[in-house]
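Per Swiss-Prot, the features are:
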type	residues	note
DISULFID	Cys64-Cys124	disulfide bond
DISULFID	Cys166-Cys220	disulfide bond
DISULFID	Cys267-Cys313	disulfide bond
DOMAIN	45-139	domain 'Ig-like V-type'
DOMAIN	144-238	domain 'Ig-like C2-type 1'
DOMAIN	243-329	domain 'Ig-like C2-type 2'
MOD_RES	Thr422	phosphothreonine
TOPO_DOM	396-442	topological domain 'Cytoplasmic'
Amino acid sequence: MASVVLPSGSQCAAAAAAAAPPGLRLRLLLLLFSAAALIPTGDGQNLFTKDVTVIEGEVATISCQVNKSDDSVIQLLNPNRQTIYFRDFRPLKDSRFQLLNFSSSELKVSLTNVSISDEGRYFCQLYTDPPQESYTTITVLVPPRNLMIDIQKDTAVEGEEIEVNCTAMASKPATTIRWFKGNTELKGKSEVEEWSDMYTVTSQLMLKVHKEDDGVPVICQVEHPAVTGNLQTQRYLEVQYKPQVHIQMTYPLQGLTREGDALELTCEAIGKPQPVMVTWVRVDDEMPQHAVLSGPNLFINNLNKTDNGTYRCEASNIVGKAHSDYMLYVYDPPTTIPPPTTTTTTTTTTTTTILTIITDSRAGEEGSIRAVDHAVIGGVVAVVVFAMLCLLIILGRYFARHKGTYFTHEAKGADDAADADTAIINAEGGQNNSEEKKEYFI
């Protein structure tokens, strides 16, 4: 069963009709229901709006919208329930409110130069039966008014811990502070103070500095919804440090020190502040008499073995002192190589031949084979020569034994054959008596 909700004026009329006499009561009720039928109802209509977030000093836009409007009256009220606009009429005398659009389905109003005091709920009302109401919340963002960075000491010494503070004042909501040293993010400790809906944030950073931090920026960067881009401030660190000492040998260029050579060393010292004094000393001994000192340079001419030792360069400034050592060792002078001789050449040639054999194994094998062949041939030749010698000896002995017989045969053909026979007999008798041989061999 549907119920009809009467406006407050209709409810009063109904109460009066109930107190009237019965005949008049019926007439008043009929008149009342007829009047209620002429008032628009909220059936099918929907009033809606959206919240607004705006940065201080900018423009906020408030829109009251109606779906399926039947030309009902729309009005806008401020947080104090004062009417800003009734339809297209502005009862409130605040020129910052301006009508942007008015129709049966929308009432759109702008608020310029928004301040923190404008924050709150704004109400949209639709005059239906029953009336509808919706509200929008305006949130005002306030960026930090001032960003300050404060460093405990303008000039620090390496190894010292310093305090750095960064303050973001009067923001809404509270600001988030981030710390950077160069490109490295660091972690600080923040404290928030609230005053009259505004926030002041102070972040503290404890930083131990080193010589590498000299000239490096310390950056305080804020993050806030009212800030676009990077809002930051920075301070450059100034760090003092003791000297850094390095010894460089400028002569001899090859780096090997020998007797008779010269030595030149240069001491490089870098510090902050710049070292005011650079000195050379010889550790555990006196500096050679022939050594020459000229500022950061040490020059020793005509080196000898007595110059061996450790040479130290010392540098100092107001922060401290440092040193670097150079150990000198003098080598013997280079020996003179004698010119090559015939013997040396022969030895070199022999060595080269051996290396060639070792490098190529096949050449060695062929040489061995050739050596074996020559030995065999030499042996054969020797045997042949020996055989020929033996043959000659045998032939010589043979001819020597048969020499008389040869002459005897030659003599047989002669007239004195008898004498030849006598010679043969004597020859066969041997050679024991040389006189007998002379007697028969005429």
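Backbone N, Cα and C define each Cβ position, glycine as well.
Not measured: the values here are computed from a predicted model.
A separation of roughly 42 Å, to the nearest angstrom, links the Cα atoms of Cys313 (disulfide bond) and Cys220 (disulfide bond).
Within 10 Å of the C-beta of Cys267 (disulfide bond) we count 24 further C-beta atoms, all protein chains included. Here the disulfide-bonded residues are Cys64, Cys124, Cys166, Cys220, Cys313, and the one with the most other Cβ atoms within 10 Å of its Cβ is Cys166.
Here Cys220 (disulfide bond) is positioned 44 angstrom away from Cys124 (disulfide bond), judged by their C-alpha atoms.
Cα spacing between Cys64 (disulfide bond) and Cys267 (disulfide bond): 82 Å, rounded to the nearest whole number. Across the structure, Cys267 (disulfide bond) and Cys220 (disulfide bond) are spaced 40 Å apart at their Cα atoms. Across the range of the domain 'Ig-like V-type' (45-139), the DSSP-based residue counts are 3 helix, 53 strand, 39 coil.
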